[in-house]
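Colleague: Take this structure first; my questions come after.
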Amino acid sequence: MSTHIEAQQGDIAETVLLPGDPLRAKYIAETFLTDVHRYNTIRNAFGYTGYYKGQAISVQASGMGIPSISIYANELIQFYGVKRLIRVGTCGGLGTDVHVRDVMIAQSASTDSAIIQNTFGAGLYYAPTADFKLLMKAYQAAQQAQIAVKVGNILSEDRFYNDEIDRQKLIQYGVLGSEMEAAALYMLAAKFNVQALAVLTISNHIITGEETSAEEREKSFNEMITVALEAGIA
């Protein structure tokens with residue numbers, strides 16, 4: 001048992017999907033997994049373990065933002081021996097070549113968070129990147145399922161409401177979308193020598209204003225979940 005997760009040793013699989021929303025965690029477990037049991041209710045950050053195609057998979061809600069996902073990633077890795085962490089969540093789209101409901105695989109995650117400087121000190125700008133093997137498995141799974149995906153750099157922001165960032169410059173430099181967690185997940189995975197990936201769905205377009213409903217964000221986006229699950233099994 002850790003500070004924020006009440007599971008016992010052996011309750012959590014080596015592969016964990018990390019949705020931010022606890023209701024999305026519940027939806028994933030009930031819709032995609034078999035023989036499911038819930039191992040965590042602390043702070044209503046629901047955690048479940050079940051089976052997908054015969055292999056144990058866990059789903060742990062991780063909250064919103066870098067501080068929250070950092071807590072769960074640290075505890076899953078250090079207390080429960082998790083080896084593969086796959087964030088599944090939403091992302092705001094940027095540019096004209098990405099659209100609402102597109103699936104996106106984050107190859108790398110730039111950030112405006114101070115987590116990089118706090119870790120490495122001033123003057124060193126570490127580049128958080130996904131695990132290549134997980135990324136390739138996710139991309140190949142999407143191709144086999146005929147799911148169109150975008151692969152590229154995203155931005156992990158510290159603020160959801162942020163008017164100061166130059167969005168057009170991000171688009172110019174090929175940043176596909178914006179969310180709030182992946183950079184920390186990738187950095188922590190590198191620190192502890194485990195695998196991490198973010199598979200995202202564009203829930204809204206930051207430039208055009210198009211968006212999906214809260215219910216759709218909670219209970220759909222099944223293509224993203226399928227890609228993540230396929231990447232997570234051996």
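First residue shown is number 1, and so on along the chain.
Just so you know, glycine gets a Cβ as well, placed from its N, Cα and C.
Sharing the features that Swiss-Prot gives for it:
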BINDING   His4, Glu179, Met180, Glu181, Ser203, Asn204  purine D-ribonucleoside binding site
BINDING   Gly20, Arg24, Arg43, Arg87, Val88, Gly89, Thr90  phosphate binding site
SITE      Arg217  site 'Important for catalytic activity'
Colleague: Per DSSP, to which secondary structure element type does Arg24 (phosphate binding site) belong, with helix, strand and coil as the options?
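Modeller: Note: Arg24 (phosphate binding site) is helical by DSSP.
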Colleague: Have a look around Asn204 (purine D-ribonucleoside binding site) and count the other CB atoms within 10 A of its CB, chains all included.
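Modeller: Cβ-Cβ neighbours of Asn204 (purine D-ribonucleoside binding site) within 10 Å number 17.
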Colleague: Considering the binding-site residues Gly20, Gly89, which residue's Cβ sits among the greatest number of other Cβ atoms within 10 Å?
Modeller: Gly89
Colleague: If you count the C-beta atoms lying within 10 Å of each candidate's C-beta, which of the binding-site residues Glu179, Glu181 ends up with the smallest number?
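Modeller: Least crowded of the binding-site residues Glu179, Glu181, by Cβ count within 10 Å, is Glu179.
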Colleague: Given that the record lists Gly20, Arg24, Arg43, Arg87, Val88, Gly89, Thr90 as binding phosphate, what is the largest C-alpha to C-alpha distance among them, in Å?
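Modeller: Binding-site diameter by Cα atoms for phosphate: 21 Å.
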Colleague: Can you grab the distance from Arg87 (phosphate binding site) over to Glu181 (purine D-ribonucleoside binding site)? Cα atoms, rounded to a whole Å.
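Modeller: Rounded to the nearest whole number, the Cα-Cα distance is 8 Å.
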Colleague: In sequence order, which residues at least six apart in the same chain have a CB under 8 Å from the CB of Met180 (purine D-ribonucleoside binding site)?
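Modeller: Met64, Gly65, Ile66, Ser156, Glu157, Asp158, Phe160 - these are the non-local Cβ neighbours of Met180 (purine D-ribonucleoside binding site), listed in sequence order.
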Colleague: Given the binding-site residues His4, Glu179, Ser203, Asn204, tell me which ones have a C-alpha lying within 10 Å of the C-alpha of Gly89 (phosphate binding site).
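Modeller: If one measures from the Cα of Gly89 (phosphate binding site), the binding-site residues that come within 10 Å are Glu179, Ser203.
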Colleague: Which ones, of the binding-site residues Gly20, Arg24, Arg43, have a Cα no more than 10 Å from the Cα of His4 (purine D-ribonucleoside binding site)?
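Modeller: Hits: Arg43.
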